[in-house]
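Novice: My questions all concern the structure below.
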Number of protein chains: 2
Amino acid sequence: MCPTSFTMGTKGNIENILPLSGSGHFVPLVVVLVGLPARGKTVLAHKLERYLNWNGHQTRVFSVSSYRKKHESQLFKSRDIMCPIDSKTAEIRNAYIHEAINDTQRWLNVGGDIAILDGTHPTFEIRQLLHDFFVKQLSYKILFIECILDDAKLIEENIKETAQLSEDYRHLEFSTAVNEINEKIDMFSSVYKPICPRSESSYSYIKFNNAGENINVRRLDGPYQTKVLGFVSCFRPIRKTLYFSRHGESEYNLLGRIGGDTSLSARGKHYASLLANYFNSAKVDYLRVWTSEKKRTKQTAEGIQAPIENLIPLNELDAGICEGMSYEEMQDKFPQEFAWRDQDKLRYRYPWGESYLDIMSRLEPVLLELEREDSVLVISHQAVLRCIIGYFLNSDPEKLPYLNVPLHTVIKLTTKGYDFEVEYIKFNVDCVNTYRKQPEVCTKSVHENI
Amino acid sequence: MCPTSFTMGTKGNIENILPLSGSGHFVPLVVVLVGLPARGKTVLAHKLERYLNWNGHQTRVFSVSSYRKKHESQLFKSRDIMCPIDSKTAEIRNAYIHEAINDTQRWLNVGGDIAILDGTHPTFEIRQLLHDFFVKQLSYKILFIECILDDAKLIEENIKETAQLSEDYRHLEFSTAVNEINEKIDMFSSVYKPICPRSESSYSYIKFNNAGENINVRRLDGPYQTKVLGFVSCFRPIRKTLYFSRHGESEYNLLGRIGGDTSLSARGKHYASLLANYFNSAKVDYLRVWTSEKKRTKQTAEGIQAPIENLIPLNELDAGICEGMSYEEMQDKFPQEFAWRDQDKLRYRYPWGESYLDIMSRLEPVLLELEREDSVLVISHQAVLRCIIGYFLNSDPEKLPYLNVPLHTVIKLTTKGYDFEVEYIKFNVDCVNTYRKQPEVCTKSVHENI
């Protein structure tokens, strides 16, 4: 994301926000990554950004290296600027760090909740500079997250991934990129001082050791820091594959009815048997299957040789008083509700039921578990899978209710850095189409029909 | 709570639950407290129980000492049974530990989500026994929380509090109780082995050091453990006082209208000035004031000499399309909604608005902050304060919507162990009465009127 454009979402352009009052929000937080290159900082930064935004906190990553690159032309080689012991480059380093923190401040001032500074921040001095600026001068909060990794194999994997995926290296020959990263690691190793529990004991920090195996936390403070810890304690920076499928076609799908708890149709059962064949012959290591507690997802999972768990948070959106109706019946019986739903499907709640926003919220523990897990097949329902897949693909929440998640299809997500590659595996079993586009003509305001 | 009665709430008497499937819930968790006496384990256990129940997870504390007491008559002195090096008592100790874990298992089997075992669990052997039973045998999850405290002053305070408040000691002369607790500490100190990061590295554990100043976390696993960490990272076991007040009487209060954002009435302004006098002359150390972002709470806080923050989560329950109406207008315009609200005020959501359950959920970060803070005055609204005060007083959620939180009154909560003492400070300023009892005649089912 471009760190110099500050178009905010719903909050507009608020000027002169006092740090401790006026905004209605909690005190802004600056998360500062700390650690040597190839310790997984960038992946953590972007995954954390996604999670916090999903939870409604305006969050943005500021990459220190993108500021550095603007100054590259002043130097012979790009990596010279990073040499921490070369006094000639100190001035330039100072300049781009100040650019980064000034942009961070400006963004927080116009309504951002949480800024994440992605960089090495290897010395006491740089951390103190950041603390003095954000905490003492601006009365914001700061949380350092130090990524510590001793496992040589994991470091090597991270180096390869950085060489292939990072904007800084992917234009280079692979072996050249790997060499450059290794040089950079050597250079930073000579100055890097881990956060010191004694001399830096007044800071709030999290030490994230060996890909999350253990974590040390000091002086956590404020609701945003609690939320960050929640994510960090679940996050495992592993390469992984997750599988998603809706239940096979159900009896209610055939009748065009909402919700309920019916069995699979004949075609739905056929899909379930093909799905079982697919996974049983693929022999995915340590595969586990999570379904909702509805019959149609349990029946879909039935033949798969793997441990199966049934989880309430994976149940379909609760349509409240409209459960079991067709959309035509709903339109007939509750025309106001039907119109409201078309106007804002993301926020619309069925009376005594749920909205998409509600299921986004109840899915949070499931998403955190999926951040920790590998090789899980989730068999659930249209609205729920729209939310889960939308989370991993960083979709705009407004578009979630119209994301296409067809029946009789496995959606496979495989990590690629902090993103996922998507593969749709369509099974050759006919089914009804449950996708319904947003009507083009619908009243603009949710209050217009009252 | 009596550990042998197993009446469950909404889940009924489910038999033969498989640990990994069938219940629709996540795998049950056993939280095991570890640490010497007077390290704050019991307070943490009960506060954690309250927080988890509030979040909808069926949680119960099982106190090992209550099992021990049943065997006291077999010994000369009650504390003999605790002597960890006396082989004669080993058999009895073994018996009551097994009673405790069997009851824990039975309770989790009939639908409990999280059991908290409150005791010292001081040795490798006892922790291994618990791990073998709950994890290896039952496939449940286990999380150890070790309370470590080096601060002599805090330990002394804990000893005094235990002597005064604990069921085990409060029947004794204060000095006798203090001596008994000190003897108990000496006895356990001789066998206590802190959780070892090497030999016990396969366990999930949290080390809670020096009243939460720093925390070490290892191998956290599963959504309940994430939730527990969220609480533990915020919890500060300090004696404290919290103050709550609704805004002064507003213009809408006078008109009997719902919600809105009106200013204070003349009487409301008078209350605000008396409230400011009260706090300005009380000179509460480090007082801070949190208001909602509505005019009427900001105006109520205006004259108080303390830092003031305005927080969106403290806003009143959003009445959606009924904002600004009187209850008579609502009944007239939306009779179905009006009837539904009377039938189940806790769960009833205004269209495009909120329910009490919704505000309980959005209040979570505020409650966690209040667990961390001391000397905060929260100026908010009727429904929101019902939820916050209800949380600290461990009220039944079903009763929250009818809790009496009158206008022009400061409610002062002061810690007493893991409970709070309540004081109502009524100011002598007339105001309307906004309290409305649940009507005695209302249809029983929310679907009956459709």
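Each residue, glycine too, has its Cβ placed from N, Cα and C.
Just so you know, TrEMBL annotations never went through curation; they're auto-generated.
Pulled these from TrEMBL:
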ACT_SITE  A:His247  active site, tele-phosphohistidine intermediate
ACT_SITE  A:Glu316  active site, proton donor/acceptor
BINDING   A:Arg246, A:His247, A:Gly248, A:Glu249, A:Ser250, A:Glu251, A:Tyr252, A:Asn253, A:Arg296  substrate binding site
DOMAIN    A:27-231  domain '6-phosphofructo-2-kinase'
Novice: Neighbour count, 10 Å Cβ-Cβ cut-off, for A:His247 (active site, tele-phosphohistidine intermediate): what number do you get?
Specialist: 29
Novice: Starting from the substrate site formed by A:Arg246, A:His247, A:Gly248, A:Glu249, A:Ser250, A:Glu251, A:Tyr252, A:Asn253, A:Arg296, give every other residue of that chain whose CB sits within 8 Å of the mean position of their CB atoms, in sequence order.
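Specialist: Once A:Arg246, A:His247, A:Gly248, A:Glu249, A:Ser250, A:Glu251, A:Tyr252, A:Asn253, A:Arg296 are set aside, the remaining close residues are A:Thr262, A:Leu264, A:Ser265, A:Gly268, A:Leu407.
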Novice: Could you tell me the C-alpha distance between A:Arg246 (substrate binding site) and the residue listed as 'active site, proton donor/acceptor' in angstrom, no decimals?
Specialist: 10
Novice: Between A:Gly248 (substrate binding site) and A:Glu316 (active site, proton donor/acceptor), find the distance joining the two CA atoms and give it rounded to the nearest Å.
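Specialist: Here the two Cα atoms lie 14 Å apart.
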Novice: Suppose we draw a 10 Å sphere around the Cβ of A:Tyr252 (substrate binding site). How many other Cβ atoms does it contain, all chains included?
Specialist: 19
Novice: Could you list the residues of the same chain, at least six apart in sequence, whose Cβ is under 8 A from the Cβ of A:Ser250 (substrate binding site)?
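Specialist: Looking at Cβ-Cβ distances below 8 Å from A:Ser250 (substrate binding site), excluding near sequence neighbours, one finds A:Gly260, A:Thr262, A:Ser263, A:Leu264, A:Ser265, A:Gly268, A:Arg296.
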Novice: So, three-state DSSP: helix, strand or coil for A:Gly248 (substrate binding site)?
Specialist: coil
Novice: Taking the Cβ of A:Glu316 (active site, proton donor/acceptor) as the centre, count every other Cβ atom within 10 Å, in any protein chain shown.
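Specialist: I get 24 for this one.
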Novice: Can you tell me the CA-to-CA distance separating the residue listed as 'active site, proton donor/acceptor' and A:His247 (active site, tele-phosphohistidine intermediate), as a whole number of Å?
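Specialist: It is 11 Å, counting Cα to Cα.
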Novice: Let's check the environment of A:Gly248 (substrate binding site): how many other CB atoms sit within 10 Å of its CB?
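Specialist: Neighbour count, Cβ to Cβ under the 10 Å cut-off: 29.
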Novice: Just checking a number: largest C-alpha distance across A:Arg246, A:His247, A:Gly248, A:Glu249, A:Ser250, A:Glu251, A:Tyr252, A:Asn253, A:Arg296 for the substrate site, rounded to a whole Å.
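Specialist: The widest Cα-Cα gap among those binding residues is 14 Å.
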Novice: Counting across all protein chains shown, how many other Cβ atoms sit within 10 Å of the Cβ of A:Arg246 (substrate binding site)?
Specialist: 29
